[in-house]
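Asker: Here's a structure for you.
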Amino acid sequence: MKNIILASASERRQELLKRILEDFQIIVSDFDESSIPFKDNISSYVMNLAEGKARSVSKKIMDQDNNLVIGCDTLVAFNNKILGKPKDKKDAFEMLQALSGNEHEVYSGLAILDIKSNKIIKDFVCTKVKFSKLTSLQIEKYVNTGDPMDKAGAYGIQGKAGVFVENINGCYYNVVGLPLNKLNSMLMEMGVNL
């Protein structure tokens with residue numbers, strides 16, 4: 001069995017990976033996301049960010065044998081504009097106000113790197129999420145919980161903001177931050193059967 005390393009500090013990703021893998025390591029990536037400029041293709045961009053994270057972590061590993069590094073990045077897009085993590089409460093409020101009553105996309109890029117062979121596979125998942133119409137009071141109360149501040153698009157579907165979601169089309173786990181079905185098929189492609 002290969003050693004699996006998750007290149008992420010995200011507790012949500014760690015919790016999700018524990019659902020399908022009993023044994024893995026966590027090494028936080030120090031990849032500078034601003035080193036990859038966004039042009040106009042969100043799926044390519046998110047896969048390149050995931051690869052950057054995986055490669056960044058691979059450089060920290062002394063024992064090159066038998067290690068696979070999983071890099072992942074999740075972005076929220078609305079009207080082909082990327083909504084990252086909010087800078088402050090005002091930014092979070094404005095993001096949620098824009099998403100209110102509208103459909104947006106959540107993209108996750110995945111990259112799995114075999115350190116020894118330098119083989120890498122990349123893919124992405126896109127899930128469409130439709131929010132109900134939200135009142136200013138609902139948004140303000142949610143923003144004041146602090147929950148949106150560390151999340152792309154200023155919300156976490158698995159928390160209090162789950163009530164904002166009218167429907168989703170695609171992978172729920174993608175919206176949380178780690179598309180398990182896609183990850184499983186990619187791990188199988190790299191010789192790991194769960």
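Glycine too: its Cβ is placed from the backbone N, Cα and C atoms.
These figures come from a predicted structure and were not determined experimentally.
As annotated in Swiss-Prot:
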{"type": "SITE", "residues": "Arg12", "note": "site 'Important for substrate specificity'"}
{"type": "ACT_SITE", "residues": "Asp73", "note": "active site, proton acceptor"}
{"type": "SITE", "residues": "Thr74", "note": "site 'Important for substrate specificity'"}
{"type": "SITE", "residues": "Gln158", "note": "site 'Important for substrate specificity'"}
Asker: For the residue listed as 'active site, proton acceptor', write down the residues of its own chain that are at least 6 apart in sequence and whose Cβ falls under 8 Å from its Cβ; none is a fine answer.
Answerer: Glu33, Val46, Leu49, Ala50, Lys53, Ser108, Gly109
Asker: In whole Å, how far does the CA atom of Arg12 (site 'Important for substrate specificity') lie from that of Thr74 (site 'Important for substrate specificity')?
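Answerer: Just about 12 Å between their Cα atoms.
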Asker: I'd like the Cβ neighbour count for Thr74 (site 'Important for substrate specificity'), meaning other Cβ atoms within 10 Å of its Cβ, all protein chains included.
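Answerer: Its Cβ shell of radius 10 Å holds 28 other Cβ atoms.
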Asker: Below 8 Å Cβ to Cβ and six or more residues apart, same chain only. Which residues does that give for Gln158 (site 'Important for substrate specificity')?
Answerer: Arg12, Val176
Asker: Where does Arg12 (site 'Important for substrate specificity') sit by DSSP, helix, strand or coil?
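Answerer: In the DSSP reduction, Arg12 (site 'Important for substrate specificity') maps to helix.
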Asker: Around the Cβ of Arg12 (site 'Important for substrate specificity'), how many other Cβ atoms lie within 10 Å? Please give the count over every shown protein chain.
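Answerer: Total other Cβ atoms inside 10 Å, all chains included: 18.
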Asker: In which DSSP state, out of helix, strand and coil, do we find Asp73 (active site, proton acceptor)?
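Answerer: In three-state terms, Asp73 (active site, proton acceptor) counts as strand.
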